[in-house]
Amino acid sequence: MKHIFKKLHRGGNQEQQNRTNDAAPPSDQNRIHVSANPPQATPSSVTETLPVAGATSSMASPAPTAASNRADYMSSEEEYQVQLALAISASNSQSSEDPEKHQIRAATLLSLGSHQRMDSRRDSSEVVAQRLSRQYWEYGVLDYEEKVVDSFYDVYSLSTDSAKQGEMPSLEDLESNHGTPGFEAVVVNRPIDSSLHELLEIAECIALGCSTTSVSVLVQRLAELVTEHMGGSAEDSSIVLARWTEKSSEFKAALNTCVFPIGFVKIGISRHRALLFKVLADSVRLPCRLVKGSHYTGNEDDAVNTIRLEDEREYLVDLMTDPGTLIPADFASASNNTVEPCNSNGNKFPTAQFSNDVPKLSEGEGSSHSSMANYSSSLDRRTEAERTDSSYPKVGPLRNIDYSSPSSVTSSTQLENNSSTAIGKGSRGAIIECSRTNMNIVPYNQNSEEDPKNLFADLNPFQNKGADKLYMPTKSGLNNVDDFHQQKNNPLVGRSPAPMMWKNYSCNEAPKRKENSYIENLLPKLHRDPRYGNTQSSYATSSSNGAISSNVHGRDNVTFVSPVAVPSSFTSTENQFRPSIVEDMNRNTNNELDLQPHTAAVVHGQQNDESHIHDHRKYTSDDISTGCDPRLKDHESTSSSLDSTSYRNDPQVLDDADVGECEIPWNDLVIAERIGLGSYGEVYHADWHGTEVAVKKFLDQDFSGAALAEFRSEVRIMRRLRHPNVVFFLGAVTRPPNLSIVTEFLPRGSLYRILHRPKSHIDERRRIKMALDVAMGMNCLHTSTPTIVHRDLKTPNLLVDNNWNVKVGDFGLSRLKHNTFLSSKSTAGTPEWMAPEVLRNEPSNEKCDVYSFGVILWELATLRLPWRGMNPMQVVGAVGFQNRRLEIPKELDPVVGRIILECWQTDPNLRPSFAQLTEVLKPLNRLVLPTPQ
């Protein structure tokens, strides 16, 4: 820069330099010029110009000069100083528009919290509006302390290129370029916007009518005001977007502008509604944050408001579907949300930083900056709606529910003695009400040991009914503390926390071998119908004192023992029965204790006797026959059981189950039309050597290294499963770019389409049979080795064949789905069927599938869509954080209602297993109570 200034000073003015050399001014005059000019330049520029002046003065001649020469020098020096000031001004203006410096300044403002209010006061209102508008354009956030001022405008880019470049047009450019096709904007201008002025007056009246403690009521009234002004509520935001597109075109044609005052927008999309709500909230001093981006809304161009209640918790405000509904924001803490600005050329939404290691507060401690984990725990400790005699919790509609502070937990004695229904209230006594959908809050006490209506209590003989705590078994031989992790549990009255879990192991996987081995010896040997699971007793077993006996015939009086840990108090009983059973089973085998050959003979004989039920050549495998038969699995040697880790890493096992045996060349498949789009790929109808098949091709073909090995490992697992209620796996294409799995083709399609098509009338007994099919298919997955957790069980993944048999599909690929619902910044996913722990991204086991089955049973019983009228974001908040459940209709059979509620237990360990569900569903003969005549 110094050389440029010298060039400006010397270039084209050689005569001035000559005159300066001939006759320089006195040194005192030189000093006057130097001291007079620094206010026009920066300190750095002054230091740079001083040597030049010094050099000029040193070159001056001590001889006196004429007045004309002195005047020429003064004019040339003044010209130089003007040029210097212009250069410095241009340099400063360029640096102020530097995007990097602007980002650094914005980051400093955001991190300080106060946003330098003193500097903002010095700026004019136009400068503040321009700064806030640019901040919202680039970073997508206006914080609680930032008020929307007049001349603030929100620009919507219709051109993706401009958005990527971070080019934000000024308000003057938008107003001068009439009808600019690349942008449209809404502006806040109270003096000229009469509609906005009226809305502000209404908001002031609403605030005066609400007490200072009724913040949720104020939020609801403001949300209803915004929604009513901008076209009303809508279940589908795409419909509102289409209406706005049409309306904006009319505005542009009539007004010849692309800038619309916010008050004149009568059909508003989410960004318009959120901005108007922010303006109204600022006017009534309601803390409100305006956030734009896909983190909350699923769309980069949508916006949402978050409000902070007096307990320092943040909630999202619904302004589209159900105005005024508050949904807890998925921040780890209200105070630990560090908003960092992102690159303006990339994602414009600031990233929220979480900490997964937030220390959990003990009871008695409190903080306004508590973590979401503590918030979830407080929800779990909250008193839920009390249970009535009909076992249905009848809770009033949820609307203004306050989740700010947990109330004391009601004892189980009070819950039992109270036969009336308590209407749920918030901490401030507001009655819970809702105008759209009635949801039930699952009472934690409904399955307590003292509850006589516990449907599954008799199925668990190892439950200590008289104790406050259940026996917690320990695993012998597992001494490495680092390999354990504590499962997150809800503190419940009268219940102990869940047992420790082995990493990468399902909850019932490790002790399953020993427990089922004991149970098999405790109960008589059962011949099971391989299709329907019917049991017939081959012989009865009794103890020496006659305490235990069993005689099971068909479906009647079936007692099924859940696979729970065996207390040490039963060790003597186990040893008591084992010798007699072993002797009876091996009386023809020369007293050899080899159980598996005998079991194989029994199965072989059963297959020969019952081959008319279904084709065993299709559903059985000679090389691996333990995939779904619990008898074979229970009698396996303990040393032969493999967990998921050892199964993947043992080379010998991998060689025995080579993927090459089920490899299908891509060229052998004749691909036809596409019949579906799943959560991980496209589904095609294809032909494979004359056989109709379904080909599921992955959308993400970038599989290499560990991911490809994981895919092949899942193929081995699916290859082993043979069950009439599991989609038959034929093979796989294991070579990119055509990674696919090939299964049987089921022409009737998904159960979802059958249940929810118009005028669908399915016989009630057929629907019961469908529920039983799903339970038996899932029991096959959960009892396999290793245990297969579906994690995406829903009616769209249940397929129906020509004989109306329901089969479980899309299993075994949960680990290949890289994004869960919360980790993915899109609305992809189906939270309507997901368990609360899955929606919260907490560790989950196979019991999450049991919750999903409860939703499926609810669908089969009611023939209604789950959570109809709510968008996915609302379902996540309702189920995952507010502990809400679907309403159980009064016309449902009480047994069916209790089964569904048992599946929806908040604590996964309290949910029944699919083995228990199968036994309970078998004698079921109705879903709905008969209509009184």
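Backbone N, Cα and C atoms are what each Cβ position is placed from, and that goes for glycine too.
Straight from Swiss-Prot, the features:
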type: ACT_SITE; residues: ASP792; note: active site, proton acceptor
type: BINDING; residues: ILE675, GLY676, LEU677, GLY678, SER679, TYR680, GLY681, GLU682, VAL683, LYS696; note: ATP binding site
type: COMPBIAS; residues: 1-10; note: compositional bias 'Basic residues'
type: COMPBIAS; residues: 37-48; note: compositional bias 'Polar residues'
type: COMPBIAS; residues: 53-68; note: compositional bias 'Low complexity'
type: COMPBIAS; residues: 342-356; note: compositional bias 'Polar residues'
type: COMPBIAS; residues: 367-378; note: compositional bias 'Low complexity'
type: COMPBIAS; residues: 379-389; note: compositional bias 'Basic and acidic residues'
type: COMPBIAS; residues: 404-413; note: compositional bias 'Low complexity'
type: COMPBIAS; residues: 533-550; note: compositional bias 'Polar residues'
type: COMPBIAS; residues: 607-621; note: compositional bias 'Basic and acidic residues'
type: DOMAIN; residues: 669-925; note: domain 'Protein kinase'
type: REGION; residues: 1-74; note: region 'Disordered'
type: REGION; residues: 342-424; note: region 'Disordered'
type: REGION; residues: 527-550; note: region 'Disordered'
type: REGION; residues: 604-650; note: region 'Disordered'
*Pick from ILE675, VAL683: which of these binding-site residues has the biggest number of other Cβ atoms within 10 Å of its Cβ?*
VAL683
*Between LEU677 (ATP binding site) and the residue listed as 'active site, proton acceptor', find the distance joining the two CA atoms and give it rounded to the nearest Å.*
15
*asked:* If you compare CA-to-CA distances from ASP792 (active site, proton acceptor) to each of the binding-site residues ILE675, GLY681, VAL683, which comes out shortest?
replied: GLY681
*asked:* Return the residues near GLY681 (ATP binding site) by Cβ distance under 8 Å, restricted to its own chain and a separation of at least 6 in sequence.
replied: LYS696, LYS697, PHE698, LEU699, SER740
*asked:* With every protein chain in view, what's the tally of Cβ atoms within 10 Å of the Cβ of LEU677 (ATP binding site), excluding that atom itself?
replied: 10
